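A.B. asks: Can you read through this structure? Questions will come right after.
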């Protein structure tokens, strides 16, 4: 099993700042916008972006939620193991809001499809955008594309993108692993 | 993630402690789901569940049906009083006929102990026991433990007394298994005629004095007097039972601590507990009902995940 570094800590930091600026351009004071990190790994990207926006770009307030999509997935009963649920924490209404869904890796698009279904349980957003740190193009099963992407990667099916975060794994680094 | 060690839920006796923890963790997530404005998830949209009730039930049947519908399963309801069972059809034939309609899971209540176990051996479907005679009522015990965990933070180490008709109660037996498995201390209290002789072999203490039992416990689970099962006289009168084993506000106030009051329902108000106790802050009876839906969603979800396509 070989692995190569796709993005270093410094590159991840630059990309996160760029993504934060792009969000700022489109959503200004975030009054009508809410950010929702998709569990389990999208929440790290979402938390980092919120931190940059609040601390470095002095946005006053951002609503951030975490969305678990386990019960909305279309692969229930297809895998070897029972799907493990994580916490949903959305303490605000998404009704008539601009929602930015945030995930670490966009691969087949099925997780985002499930997230769009799950989001309907919290109201009818005015519009939904997608932000993803890594976009594995050519791997999509569904017609889903991100509005904001950190890095586009051409990875084949037996390669895996592994995103590691300092708070969880000790360092910020993204590997491309050949399984 | 781990999965359930069983393919059917026939009784708590067949579960491991890790199964109970998995069910509770999953139920936590479903409790969050059923408190949203849209309470439904699409997980079980390709699963069909038959609720087969050979005995009357209101809350268990409604709770299961709601849990199934909130998971988006297709639901068939069947009660014996309107069925061919009255014409002499056997249990296996009845269930096999239902399964021929491509049913994946059967939730069954039956007056005979072991009916679920018998069925699980003979039909290809996942079976959930919704009460079999005086044997077990596993989902009730799970929701009772879940409610204790929610109220007191943990079940392990807590003192729980089960009061009333232990002899005829499947709720009592399942509760004893579930509570012991999770490390709680359990006592039973009631008229001597309604306490089975084997109960101490389950690791359960017996306390005949209700006041002493309440002074010992953190939680009192008050069982219903099942008049329909009392074919002979186990105690002189209901009035005398109430005087000895009924909980009223005065008795609760005389304790030097605040205990949690539970009841699996339906309550005989003024018999097992008085109305002011049932409706007091110490009572978690309505929480039990709410938790029942979340726990049953968890059980159905986890069992359904083992039915592979």
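Note that Cβ sites are derived from N, Cα and C of the backbone, with glycine treated the same way.
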A.B. asks: Kindly point out which candidate in B:109, B:239 is recorded by TrEMBL as part of the carbamoyl phosphate site with B:59, B:60, B:137, B:140, B:265, B:266.
C.D. replies: B:109
A.B. asks: For the binding-site residues listed here, B:60, B:140, which shows the highest count of neighbouring CB atoms within 10 A?
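C.D. replies: Comparing the binding-site residues B:60, B:140, the most crowded Cβ belongs to B:140.
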A.B. asks: At 10 angstroms around each C-beta, which of the binding-site residues B:59, B:109, B:137, B:224 has the fewest other C-beta atoms nearby?
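C.D. replies: Taking B:59, B:109, B:137, B:224 as the binding-site residues, the minimal 10 Å Cβ count falls on B:59.
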A.B. asks: With carbamoyl phosphate as the bound species and B:59, B:60, B:109, B:137, B:140, B:265, B:266 as its recorded binding residues, calculate the greatest Cα-Cα distance and give it in Å as a whole number.
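C.D. replies: Farthest-apart Cα atoms in B:59, B:60, B:109, B:137, B:140, B:265, B:266 are separated by 17 Å.
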A.B. asks: Quick one: DSSP breakdown of the domain 'Aspartate/ornithine carbamoyltransferase Asp/Orn-binding' (B:157-302) into helix, strand and coil?
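C.D. replies: Secondary-structure composition of the domain 'Aspartate/ornithine carbamoyltransferase Asp/Orn-binding' (B:157-302): 64 helix, 23 strand, 59 coil.
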A.B. asks: If H, G and I count as helix, E and B as strand, and all else as coil, what does DSSP give for residue B:140 (carbamoyl phosphate binding site)?
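C.D. replies: Its secondary structure by DSSP: helix.
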